[in-house]
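Have a look at the structure below before the remarks.
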Amino acid sequence: MPFWDLQRQLGIDMDRWLLRQSATQPYGMAGACHAFEREWVECGHGLGQTRARRECQPEYEDFMECMHRTKLAQRLKKILEQRDKMIKEGKYTLPEYHKGEKDTRP
């Protein structure tokens, strides 16, 4: 995207469609992962594909985590497994509002 600033100054939108989060968003607000995508693109700009893959891996991983939330899902799964294990051992009991019973309040 060598002419990114020139395009913005001229009001041309030639290559912004390449970026997922740079597309026009509702209410004109930036997408949730726009900052991560921008960091990744800026890191790889002018490096070449092979070198960019190697040097911009942390930025790419951050962007993918923001988009797909895989690490968050893995962490939540482990937390729930640990909770179930503690319930089975009798070390933890669910609060009243998590037992699925009807509310006794009037």
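Including glycine, each Cβ sits where the backbone N, Cα and C put it.
Model, not experiment: these values are computed from the prediction.
In TrEMBL, the cysteine linked to CYS33 by a disulfide bond, out of CYS56, CYS66, is CYS66. For CYS33 (disulfide bond), other Cβ atoms within 10 Å of its Cβ number 18.
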